[in-house]
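Structure first, commentary second.
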Amino acid sequence: MAKDPMRVLVTGAAGQIGYALVPMIARGAMLGPDQPVIIHMLDIEPAAEALKGVTMELIDAAFPLLKGIVATTNAVEACKGVNVAIMVGGFPRKEEMERKDMMSKNVSIYKAQASALEQHAAPNCKVLVVANPANTNALILKEFAPSIQEKNISCLTRLDHNRALGQISERLKVHVGDVKNVIIWGNHSSTQYPDVNHATVNTGKEWKPVRELVSDGQWLNTEFITTVQQRGAAIIKARKLSSALSAASAACDHMHDWILGTPKGTWVSMGVCSDGSYGIQPGLIYSFPVTCEKGEWSMVQGLQIDEFSKAKMDATAKELIEEKALAYSCLN
């Protein structure tokens, strides 16, 4: 029996990340090779012509799984009946721009999109916020879409998680698939804490701790962390454009694992609503290690946290608390 199509919304669909993301979804990278999709694409009025071009390319690519396209500049039309929403659209911070000005623009965007999703999305719609500031945009969305269960609202830190896996695999000259259980704690910003204390590597005979194999605590506690934190800026410097390909790929990974499940014994990083675990203020959207099964995520509990890690985790939580206050001041 063929599956019913799932409706997947991508906002900001004519932008760099959207353009990289929609073919991945249409090819089955997000929801699996046997799951038909109808892609809903939303963008702003000035991008309407570019959106037409993306639509033409989706048609020209002749994807067997793609059962329909909705391309629109109307948020209500875009949100109708969607099962999955990938929120890529946002207002980017421009040079000379105050953080508060960027926050204020994004607060109004996410407030409006929250109400469109709340009223028109399918029940149990899963939402992933990609646009920065991702954690706080997700928090605003959660506030203004109270009927969407908070466990169904998340933000993207999988890109940072994948970057951390990549750095360890490069350092140890092993395949990235042989590294698992790194953790990104906190904010998708330069305060995030990439943690390898529980990560392991498959040596062919057994899984060994990353710390044991790297055997350079100085590198792991300094350069490794800053490389992951500042990778996005390094890519912009090299490419003169943001990391659209890897962000799109990470969004696929995030949704794929959330809906289809994580492999046994493996966890991933997701920005989700804190319940107070690990001493993080409840209600913040904060990146934690999670496992997923049958469309539900569960936080990995009981991990030992050393003092170095605790200080880093608290610092990124502090930034999120400040961002939350700034976002609320924009609302008033």
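Cβ coordinates are placed from backbone N, Cα and C, and glycine is handled just like the others.
Sequence annotations record features per position, and here TrEMBL assigns domain 'Lactate/malate dehydrogenase N-terminal' to 6-153.
For ALA131 (NAD(+) binding site), other Cβ atoms within 10 Å of its Cβ number 24. For GLY12, ALA13, ALA14, GLY15, GLN16, ILE17, GLY18, ASP43, ASN106, VAL130, ALA131, ASN132, the entry in TrEMBL reads NAD(+) binding site.
Counting Cβ atoms from all protein chains shown, ARG93 (substrate binding site) has 16 others lying within 10 Å of its own Cβ. TrEMBL lists ARG93, ARG99, ASN132, ARG163 with the feature substrate binding site.
According to TrEMBL, the domain 'Lactate/malate dehydrogenase C-terminal' annotation covers 157-325. Computed over the domain 'Lactate/malate dehydrogenase C-terminal' (157-325), the whole-number mean pLDDT of the model equals 97.
Summarising the annotation, TrEMBL assigns active site, proton acceptor to HIS188.
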Inset, instruction - Looking only at C-alpha atoms, tell me how far ARG163 (substrate binding site) is from HIS188 (active site, proton acceptor), rounded to the nearest Å. - result: 12
Inset, instruction - Could you put numbers on the helix, strand and coil content of the domain 'Lactate/malate dehydrogenase N-terminal' (6-153), residue by residue per DSSP? - result: 69 helix, 28 strand, 51 coil
